[in-house]
């Protein structure tokens, strides 16, 4: 009864209760907004562009840089800050994601004359989603650690479509205690974020995945080509494969035969998607790792040679599923 008097009766109690709930909600909102501090994003190509856009969609202010200034223009229109160098990104953000084409690009962005490490702040979290040599990731991690920051490798799988939809799979390597901090950002761009172990293990998982992807894509292309030449309708053959034991991602999600599926590179003259040059690069990384670990990878080696031949024969800029077209034209193989 005394409490009711102090609070002004039942009506006063309800006013007090609403104020407490409002204050609690405000505190939760404040904590949520506190985590939405600026995120640096370096590398706005086919994959980086939609990844950075998904961060913006989730409320993160983005500080962007790309070696090609025209890649940054639409991000300015979306409200992102655009900088002149990776060092400038590091000066303005203590969480940075990089998405770069190759090991040399990653080395330059991190350790170059205007690289991240020139102005990185102590305690910064640096996440590299490029696909590069695991040994390079380890060297970059050492250099970052000397500056008092944290480096994690987090390459992705899923391609441009998954990047746009925010359904990428991230394979993360680094200090386990930092995984949750990395996941907070990565889950905005992917549906699966998997901790793999120490620095470099994310890259290891990625190159193993892409070696299998290349092998299965070549196998799908060979199978479809043979079936068509035997008189089978390609859509019918794809349907049969996808309800049988030969089913795989290359057959049911990313079919390489024009006219079988919509919304995939084979339906658009093999434009967009994951470039043949990049697949050849990833297979090269797998070959280096196989050599270093004395691991026999005969199919991976053959796949590497096929994609290298494709690059030499004018397919470099086409999606890697263009191996179907390549095989159709290369009777001698």
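For all residues, glycine too, the Cβ spot is worked out from N, Cα and C.
Here is what TrEMBL records for this protein:
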BINDING   37-65, 100-101, 105, 131, 281  NAD(+) binding site
DOMAIN    39-197  domain '6-phosphogluconate dehydrogenase NADP-binding'
DOMAIN    200-326  domain '3-hydroxyisobutyrate dehydrogenase-like NAD-binding'
ACT_SITE  206  active site
Secondary structure content of the domain '3-hydroxyisobutyrate dehydrogenase-like NAD-binding' (200-326), with strand meaning DSSP E or B: 88 helix, 2 strand, 37 coil
Between residue 101 (NAD(+) binding site) and the residue listed as 'active site', the C-alpha gap once rounded to whole angstrom: 14
Neighbour-count leader, CB within 10 A, recorded positions: 57, 206: 206
Least buried by Cβ count (within 10 Å) of the binding-site residues 42, 47, 52, 62: 62
Spatial separation of residue 206 (active site) from residue 62 (NAD(+) binding site) - C-alpha basis, Å: 26
Long-range Cβ environment of residue 37 (NAD(+) binding site), under 8 Å and at least 6 residues apart: 61, 93, 94, 95
Reported mean pLDDT - the domain '6-phosphogluconate dehydrogenase NADP-binding' (39-197): 96
